[in-house]
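What TrEMBL annotates here:
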{"type": "DOMAIN", "residues": "8-141", "note": "domain 'EamA'"}
{"type": "DOMAIN", "residues": "161-297", "note": "domain 'EamA'"}
{"type": "TRANSMEM", "residues": "43-62", "note": "transmembrane segment"}
{"type": "TRANSMEM", "residues": "74-94", "note": "transmembrane segment"}
{"type": "TRANSMEM", "residues": "100-119", "note": "transmembrane segment"}
{"type": "TRANSMEM", "residues": "126-146", "note": "transmembrane segment"}
{"type": "TRANSMEM", "residues": "158-180", "note": "transmembrane segment"}
{"type": "TRANSMEM", "residues": "187-206", "note": "transmembrane segment"}
{"type": "TRANSMEM", "residues": "226-244", "note": "transmembrane segment"}
{"type": "TRANSMEM", "residues": "256-273", "note": "transmembrane segment"}
{"type": "TRANSMEM", "residues": "285-301", "note": "transmembrane segment"}
Amino acid sequence: MNPVTSARLLLVLAAVLWSLGSLFVRFLREPTALGLHDPPLTPLQIAFFRGLFGGAVLLTMVRRIDVTFRPLMGAMVLTFTVMCGLYMSALSLGPAANAIFLQNTAPVWVYLFAVYALGEAASRRGWQAVLLGGLGAVVIVAGNWPHDLPPDEQQTQVLILLMGVGSGLWYAGVVLFLRVLRNESPAWLVSLNLLGTSATLGVYVMLRYGVGGFVDWVTAPTMGQLALLAVFGVVQMAMPYWLFARGLRHVSPHEAGIITLLEPLLNPLWAYLITPDKDTPTPAMWLGGALILAALVWRYVPDRRAVP
């Protein structure tokens, strides 16, 4: 097998592993044969332990020479923490497809920020992708807007939708920080984000509930839940990153972006297999998701007309 084919297979495997997020969340939040939904864990607890285990494993891939600290890294970690909290909440409390597709609007927001705030050149192709992605987000939000529900339930459903949109916006912020810090070690930046998320969430819980509340919060998971959370962090965060980094040695970033679009396609599927009553996609999810994926493909596929 030649190196390019091997690299493509590594990227496919990375996308599959990244897509398992909804599977792990459903095992931890919904009644299944594993019985790991009790005691119930909050989305922030799941984000805390996933970051802790995944970041610890990734840290072993970081060389000492790559460990650096810059003021922007603190802002990056806070942005990543908010993104994780919003995404994990939207994924845990609502349909997986909504959370996943709305988070994948991030490239749209990155493009808008790059054009208007950073002064980067705009292109017709870029604006077409923005239009498709923005339209997809509108379709998902409008099509899933709660109707004929009690006021409390309406507010909850609206909040879940807004958390999905917010996760895409904050994810765009993470991408922009990674662009600015692109000369730093990727393994160091990812491990810093994951471990920083755990530390930030831990401090937040301690400040809000006190030391005793934090101890209760962090010791709440059973041994079975901790084992699954460890697998979650390693398999869904650390391993895909390692595979993706190796795949990029022989495959262009554009092609890698196309291959890893498998992730938002597979992610809702795993959730549906576990909880079909909760995760059966609606027509608005299908249409909105298709528009967002089309926008991503349009952004990632190289424009052959630009090649001399």
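One-based numbering along the chain as shown.
Cβ atoms are placed via backbone N, Cα and C, with glycine included.
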Exercise. So, by DSSP, how many helix, strand and coil residues make up the domain 'EamA' (161-297)?
Worked result: 117 helix, 0 strand, 20 coil
Exercise. So how many of the residues in the domain 'EamA' (8-141) end up helix, strand or coil by DSSP?
Worked result: 100 helix, 0 strand, 34 coil
